[in-house]
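Here the structure is laid out as structure tokens; the discussion comes afterwards.
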Amino acid sequence: CTVMISTYNADSKKIRHYPANSCLLPLCSLYGLAVTTVEGVGSTTTKLHPIQQRLAKCHGSQCGFCTPGMVMSMYSLLRNHPEPSMEQITAALDGNLCRCTGYRPIIDSFSAFSPVRMCSGLCKPEEFHPRDPTQDYIFPPELMVSDQSSINICCIVIGAATHLAQLRDILLSLVPELPAEKTKIYRTLLKQLRTLAGEQIRSLASLGGHIVSRGSVWDLNPVLAAGNAVLNLASIDGTRQIPLNDEFLTKVPEADLSPMEVIVSVFIPFSKEDEFISAFRQAERRKNALSVTNSSMKVLFQPGTDVIEDLAIFYGGISDTTVSARNSCLKLKGRNWNDQFLDEACRLILEEVVVSPSAPGGKVEYRRSLLVSFFFRFYLEVLHSLKMMYPFQYPDLPKEYMSALSEFQEKPPQGMQIYQDVNPHQLPQDPVGRPIMHESGIKHTTGEAVYVDDIAPADGQLYMAVVTSTRAHAKILSIDTSNALEEPGVVAVVMACDIPGENGDADEKVFAEDEVIYIGDIICGIVAETYECARNARSKVKIEYQDLELILTIEEAIEHNSFLSKEKKIEKGNVEDAFETVDKILEGEIHVGGQEHFYLETNSIFVIPRKEDKQMDLYVSTQDASNAQELVASVLDVPANRITCHTRRVGGAFGGKGLKTSYFVAAAAVAAHKTGCPVRFILERDDDMRITGGRHPLWGKYKVGFMTDGKIKAVDLEFYVNGGCTLDESELVIEYVLLKCPNAYDIQNFRCRGRACKTNLHSNTSLRGFGFAQAGLSAETWIAAVADYLYLPHDEVREMNMYKNVTETPYKEEIDPTNLVVCWEECLEKSDYYKRRQAAEEFNKQNYWKKKGIAIIPMKFSVGYNETFYHQVTLMFQKPTLLKLVLIPIFLHELKIPLSYIHNYERTTATIPNAIVTSGSIGTEVNGKAVQNACQILRKRLEPIMEKNPDGKWENWIKEAYEGSISLTATGYFKGYPTNMDWEKGEGHAFPYFVFAAACSEVEIDCLTGDHENIRTDIVMDASFSINPAIDIGQIEGGFIQGLGLYTMEELKFSPEGELYTLGPDTYKIPAVCDVPEHFRVYLLPNSRNPIAIYSSRGMGEAGVFLGSSVFFAIRDAVAAARKERGLNRNFTLNSPLNVERIRMVCADRFTEMVKTFPYKNPSSSILVLFNFSGIYIFTRLGTYYPAMPGLFEKGLVCVWMLGNISVVICHAMS
């Protein structure tokens, strides 16, 4: 939703352009401003802007939903900086998210405007049009005379209305002009501004608003408070000044604004020569993410000494406001800045600064560790600065401690993509094997691509919003909709009783009737004249519940024997006998968290009832149009041929717009049936995440028997996945977990078992690479455990146990691993693995607080489904029409006609009945087989005419065929790959073929904070003959970045009552531009063939996800180096996601021990606790407080109070 705002500054006589989120801009705030949308940048009907052309030609869009926002962010930058640096380009994209591409092609395309061009071999820069400034709209002259308020800046007084981006620009120009000792606070503010929000928010948010809202995790307030900033206030009664200090930040009435006052400006003083100030923050993602904890600290020394004259320490993210360690600072005044001071300061801070056990986001122990970790970094920074100022008075810092001073600096990602070029004798117009631009790429960049919510309103259109359950498991006692129906604009309320046919199917209901089974279960829908009216009326529906027994976790499901399916099992060899012969047996477990699809376009439905024969048109963003058609027909009790489902394009899906979407469509169809009007049903992000499930969380147990040389002889695995409240795809997921859990390892004695658990959470479903993403991580975990136990390099144990020769999988399918070995060896070579491994070890010897890690991971990915019917395809061909992007080259190759002859029409059940779901990485090849069949049929009919007139054109041949009564319609069909799986025997030919790959990743971690930097990733993938290398490489890169999110940052959190906390981008973080490896290289293995697929290709859609685990194990490698240096146990398990908290806490050190050693005391002596002992009520003051460890807090335990010999356990609920 990014647009460009332009404003004229009468003082500077300059026009300023900046990006902004249109959804955050009140219309009244645009007075005197100019707004440019993506339609104003360029279009297919006028002229494309070079930004749009380059983004499309460099393959920077896939689903295209995020693309207009990318264009507008870059356009805003170019209007201010015609030749931006790469740093400016990446910073401009801070506030943009993409779930498909992996960002690399977007950065590549925009780099064409930078002096440092980074375009890959997938595009041709010589084809780029030069920028034409005359194409840009001029700023409206009428607005240049408007009475605009200018920035009130006088020396170091900043106007309160100054936007944060303006503040950054002001400081950037001011700092070089002032003496360095005076600008310490300004440089500290600049440091925080680099990572604060995204450019769109920085361009809108004002300094005064940032200050007065006093959010706990606002990054600038601690800096301003530590720097003794002063607020200039005004009201009708006059002006006054108040200090921006801890009392103001905690809203002490005497130190706060009065109700009629406003902040006019902010006075920020110069720094002093013997004054030092720093700021720190740690977030789940380095940019555009709220801090978990932030801090600013300032110390003033007596001139020429290290004796503390004044000290200020502020923390954010600890309480509901910024807090000060004022008492600690007072006690530390007069002390010398030395190690004894450090120890006492840490103890005082931990005792004074209280982290609430119910702090939003949890992570209590982690936040407490950051209190002292940040202070330690500040301590070292000050020592280092004192040494620089007075080189002969202070000793050098220990070399290994220098690494604690530096923080990661973002560097623009650089990519490399290598693929095998086509045969030089291939005709130039034949696109097969060449990187072809997305056929909708231009429309993506211009905003002309039509998604469901872009469809023009129909006459009489209504809007629907749904009322969902607030209980995870309860009986519905009553539903009162009377107040909702009285709301102006409300037309109807639809619920189960309004359904003329079946309420869903055997697995799930469209509307809950007697019982709700998760928070988010749809109970009814409000249908109104506007969406706002429908949404607001939801709160008027009154529902009474009677709570039932609640099951949320895998452990609880096992305890209650609550499962969605029977146990599945695969066994090879004799596991028990093998365990008797091995040298050592290890047992362990791993937990892999769930993942949200986070498609950029939420579930979107537009239903139009027709006047004849109970017909209905469904316009749906779905992967499974046939399923939507069938369910709606069943719900409305009409024949399926009366229902037509249309899907033009989908703004991201990844498996999340399959089965569940059909229930949304059915709900909207019931509303349209009841009202007789078209109904538009577009889910908001919160509702979409609350109602729909994602990737299954997994709990895996392993027992591994091995020899002292690292050879694994026996493996016994047990898996459970959290399927949620209904079956959905859970049975298929647990089957894939079992079929794919050995990954690339040839274990002669192997057993695995698994079940899908039934819980009262939203129903989890398929998500890109489902099953394997979790099971593959489990395999690499027990490989790592064996390597750690034997003190062997992980790559050596991996290579020793990999498939080497033609053999059978545990389910007795033949596998030829030749290309697996080649991918492994190529990855070792191209990544310079051994050389970089040695360099990382040398780095780790010299750096105590920073550690590097490197890991190389093999992959055996199984493509497709274990049932033949999933692969069958029918295609109706009527002249060149209904074709997908990746199918276009097949069509052109077979018919030998130009690209301009093709038009890509929508997918609809009217022309293709019973179409298969698009998933499982098989879409290109199975549809391609049907395309090939149809084209060959048609060309065979035309061959006699073409032979008579070999120099004719396509139009001539078609016309003559028509006049000769030759059919120009062909139906292509592909029966599907022959696959099967007999679960009774535990064997079968489960998959058509395998995709082999290897990935090597290198990272650097910050042991003090848990932050990490992705330095480099090399991927070698066996794509065989790529039909479109641009698409295949884009899928690999996009999948990798999605996997990186799964394994390192994306975390779903639920309350003890089953409510999802992480609802939306502010609390659920997917990777952004800042997370792309600095060097990102993809190599497609040359001279490889896949004889069963079309043109010898392979499916790439999902394989890249698991390769993100190479980052997980590179982090693990770095953590192991830290633990080894600290003398900690080398054998440890890390769960996924391996986020900042887990990294920091497993790198145990003196500061994490302090957190355990210094539990903090009673925060307020006025708080009393009431106990009941044998009927006698006792009041006592609070004793020592121990917060619950991570993991236990999520399960309900809050804390333990120690009162002498009495332990009091405090939980979330009395039960």
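The backbone N, Cα and C atoms fix where each Cβ goes, and this holds for glycine too.
Cβ contacts within 10 Å of Glu1102 (active site, proton acceptor), excluding its own Cβ and spanning all protein chains shown: 28. Residues or ranges marked as active site, proton acceptor in TrEMBL: Glu1102.
Marked as [2Fe-2S] cluster 1 binding site by TrEMBL: Cys1, Cys23. For Cys23 ([2Fe-2S] cluster 1 binding site), the Cβ neighbour count at a 10 Å cut-off comes to 8, with all displayed protein chains included.
Per TrEMBL, the feature [2Fe-2S] cluster 2 binding site maps to Cys63, Cys66, Cys98, Cys100. There are 27 other Cβ atoms within 10 Å of the Cβ belonging to Cys98 ([2Fe-2S] cluster 2 binding site).
A simple way to gauge crowding: the CB of Asp219 (FAD binding site) has 27 other CB atoms within 10 angstroms, across all the protein chains here. Taken from TrEMBL, the feature FAD binding site covers Asp219, Arg281.
Residues near Phe654 (Mo-molybdopterin binding site) in space but far in sequence (CB under 8 A, at least 6 apart, same chain), listed by position: Arg99, His597, Tyr599, Leu767, Arg768, Gln1042. The feature Mo-molybdopterin binding site is assigned by TrEMBL to Gln623, Phe654, Arg768, Gly920.
Marked as substrate binding site by TrEMBL: Phe770.
In the domain 'FAD-binding PCMH-type' (156-273), the DSSP tally of helix, strand and coil residues is 56 helix, 23 strand, 39 coil. Under the heading domain 'FAD-binding PCMH-type', TrEMBL lists 156-273.
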Least buried by Cβ count (within 10 Å) of the binding-site residues Cys1, Cys66, Cys100: Cys1
Other C-beta atoms that fall within 10 angstroms of the C-beta of Phe770 (substrate binding site): 29
In the chain carrying Gln623 (Mo-molybdopterin binding site), residues 6 or more apart in sequence that have Cβ under 8 angstroms from it: Val650, Ala653, Gly655, Lys657, Gly658, Thr661, Val917, Thr918, Ser919
Env. residues of [2Fe-2S] cluster 2 site, Cβ within 8 Å of mean position of Cys63, Cys66, Cys98, Cys100 Cβ: Ser61, Gln62, Gly64, Phe65, Thr67, Arg99, Thr101, Leu600, Gly651, Gly652
Proximal but sequence-remote residues of the same chain as Arg281 (FAD binding site) (Cβ under 8 Å, at least 6 apart): Gln192, Thr195, Asp219, Ser291, Thr293, Asn294, Ser295
Close in space, distant in sequence - Cys63 ([2Fe-2S] cluster 2 binding site), Cβ under 8 Å, 6 or more apart: Arg99, Cys100, Tyr599, Leu600, Glu601, Arg649, Val650, Gly651, Gly652, Ala653
Rounded Cα separation (Å) that holds between Glu1102 (active site, proton acceptor) and Cys1 ([2Fe-2S] cluster 1 binding site): 28
From binding-site residues Cys66, Cys98, Phe770, Gly920, the one whose Cα lies nearest Cys1 ([2Fe-2S] cluster 1 binding site): Cys66
Cβ-based neighbourhood (8 Å from the centroid) of the Mo-molybdopterin site, residues Gln623, Phe654, Arg768, Gly920 excluded: Ala653, Gly655, Gly656, Gly658, Ser766, Leu767, Phe770, Thr918, Ser919, Gly1101, Glu1102
Cα-to-Cα gap, Gly920 (Mo-molybdopterin binding site) vs Cys23 ([2Fe-2S] cluster 1 binding site), nearest whole Å: 35
